[in-house]
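I have placed the structure first, in the form of structure tokens, so that the comments after it can refer back to it.
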Amino acid sequence: SGIELFKCVYSMILLVFSIIVVLAAIFSEQTVATGENNVNPVLAVFLVCFLITWLAMMEGGQGALVGLQPIDKELYAVSHPRTYACTKLAHQGNNMERVIVGRQFLVVLVVFVTNLMVSSIANASVLSLPDAINETFLATGLAVTLTVIIVGQLTAQVNAANCMLDFINNYFMLFTIYTSLVIEASGLLHSVYLVQTIFSKMSGTPIESNEPSRSVFQSLLFWGRVAMSLVLLGFSFAVLLTALFNGKTNMWDGIPAIASVIIFFILMAVVGIMEGMQIALFAVVNLPKEELRKHPIAYANCGLTFSGQNLQAFLIGRQICVTVCTFVIARITSVSVNTDIGENNVFGVSDGIQNFFNTGMLGALVTTIVASLAWRIIASSLPVAFMSNPLIYLIIRLCLILEATGLCSAAWVLALLQKSLAGYQRDDVYIGTAGERVVFAKDGSELH
């Protein structure tokens, strides 16, 4: 329609302008990376492009891995050998859960590092633009946020939804899966499994597993990593809160320390609710209507989300909300202590350790566990109670409004361009539709 075309055009203009503004800030050395940490501008651009490309692979790849779970792998073993390798690894035992856990940390870390690379320094001004535009696109981070959402997330998700086989038929996705598994195996995020155990006991729902029960040694190793993760999480909180109260983060100037802390916790709760909503919605919608009607708030929330085309609009709006909040959290929790000029380090640690704090790793760890994975587990364990939160109705409305603005409609244009250039085809071209697969399975013939 004419309205949708208008949205795509103005969104593309905004995207191109945002990319130009970001590049101008990098090359004029007015970002945190190039202006304060002396990163070469060309290297900074390369790193940002790599991070956004990797984010796109992670965002689209997870959807593809989940969507391909019920499909017989032998149907595409010959036509898509790398997709076959990816799904064979990810769908083995409990690996899918491990991939999701490790991948979530990677996603948050990529957003944090991108924020660190592209955040503008104070009073940044590029291309002789008016102060109001510099403030809107650079100081607030709108330019990089739009770029990441459209290029690094929505475009990939659109194509991966219908072209799962082609999208992950590459070694980059296989590398991403292995990296996610290594991160999960490290134990950094194992405290989330304690949350899973607690809510499993509370809800009376056993934890499903595709693997044999752990041996004594495996249990000791598992709970040892849980304890380590809890210690790291507590330490990370201590460092971040100390830095916040002492004004040693990249939070915008003029915002009091106590306000920064309050905003930090509010945003983590908002992100957590949106992360859990997606899980709870699809769990609750399968309940009998009579049962759901007993919970009027949950019933109203589901009714609004699944009405007409609202589901797709909600998912897009939700992605925008989550990414915007994550960028702000990254700004709040990015510890910033200049060791070169002798600023006091957090807890008096050495310069080397302080420089590690400055990478944003601690903020990424806290955000992944407290603002994402924990809420997903709560929503999975208690979906009806989760959807009975009155705030969820307001969040759904906000997501629908954000999508309706068309800010990110350029993703549809880029998805068509990517699909054409990469030669992506719909999955049913290779393996038939779900109905065709059932028929072929019954008569024992093969798909061609």
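Using N, Cα and C of the backbone, Cβ positions are placed for all residues, glycine too.
The feature transmembrane segment is assigned by TrEMBL to 6-27 (among others).
Listed as Cβ neighbours of the transmembrane segment (39-57) (distance under 8 Å, sequence separation of 6 or more from its ends, same chain) are residues 22-23, 26-27, 29, 31, 33, 106-107, 110-111, 113-114, 117-118, 147-148, 151-153, 155-156, 172-173, 176. The annotation transmembrane segment is assigned in TrEMBL to 39-57 (among others).
Outside the transmembrane segment (105-129), and at least 6 residues removed from its termini, the chain residues within Cβ reach (under 8 Å) are 20-22, 24-26, 28, 30-33, 35-36, 39, 44, 47-48, 51-52, 54-55, 58-59, 138-139, 141, 144, 148, 176, 179-180, 183, 188-189, 250, 253, 323, 326-327, 330-331, 333-334, 359-361, 363-365, 367-368, 372. The transmembrane segment feature in TrEMBL is assigned to 105-129 (among others).
Marked as transmembrane segment by TrEMBL: 136-155 (among others).
Marked as transmembrane segment by TrEMBL: 175-199 (among others).
Feature annotation from TrEMBL assigns transmembrane segment to 220-245 (among others).
Marked as transmembrane segment by TrEMBL: 257-285 (among others).
Annotation source TrEMBL lists transmembrane segment at 360-379 (among others). Outside the transmembrane segment (360-379) by six or more residues, the chain places 101, 104-105, 108-109, 112-113, 115-116, 188-189, 191-192, 195-196, 199, 229, 232-233, 235-237, 239-240, 267-269, 271-273, 275-277, 279-280, 283, 326, 329-330, 332-335, 386 with a CB less than 8 A from a CB of the stretch.
Through the fold, the transmembrane segment (391-417) approaches residues 4, 6-8, 10-12, 14-15, 146, 149-151, 154-155, 158-159, 270, 273-274, 277, 297, 300-301, 304-305, 310, 313-314, 316-318, 320-321 of its own chain, all at least 6 residues removed from its boundaries and within a Cβ separation under 8 Å. The annotation transmembrane segment is assigned in TrEMBL to 391-417 (among others).
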